[in-house]
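According to TrEMBL, the protein carries these features:
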{"type": "DOMAIN", "residues": "16-52", "note": "domain 'ChsH2 rubredoxin-like zinc ribbon'"}
{"type": "DOMAIN", "residues": "53-118", "note": "domain 'ChsH2 C-terminal OB-fold'"}
Amino acid sequence: MPGPAPAPIPETLPFWEGAADKELRVQRCTPCSRHYFYPRPFCPRCGSEEVEWTTVSGDARLVSYIINYRPFPPFDPATPVVVALVELAEGPRMMTNIVGIAPEPENLELDMPLKAEFIEYEDYTLPVFAPAVAR
Ligand SMILES: [Zn+2]
């Protein structure tokens, strides 16, 4: 069951357009060549406004997580979800959900390799992550 649909703003629209194309997009600073997330019109490290959107690999690793056993409506309170912090192979970290496994600690090994997946809802597509290796 989807949560509330995202409401893109100019700074986040390319991220959601990428998701609709089943691509994970983040920004990269041209002068220092570093990727960053969340979206903003300047580099968080050097302050340059020479930034561009890029499609990244979708490869990531699990940094931390919680299991929400009682999601608050409009999410389904009966369906636990994994809320995770992942680090992309390109460097940025993002909050996301882990899918493709039962939401139990024994299935969630810190540092485990993950791969981006895309869940299509009626109004939007949500990037999430699943284990890169079947468990
Ligand atoms: Zn920079």
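Using the three backbone atoms N, Cα and C, a Cβ is placed for every residue, glycine included.
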Q.
For the domain 'ChsH2 C-terminal OB-fold' (53-118), how many residues does DSSP put in helix, in strand and in coil?
A. 3 helix, 34 strand, 29 coil
Q) So what's the mean pLDDT when you look at the domain 'ChsH2 C-terminal OB-fold' (53-118)? A) 96
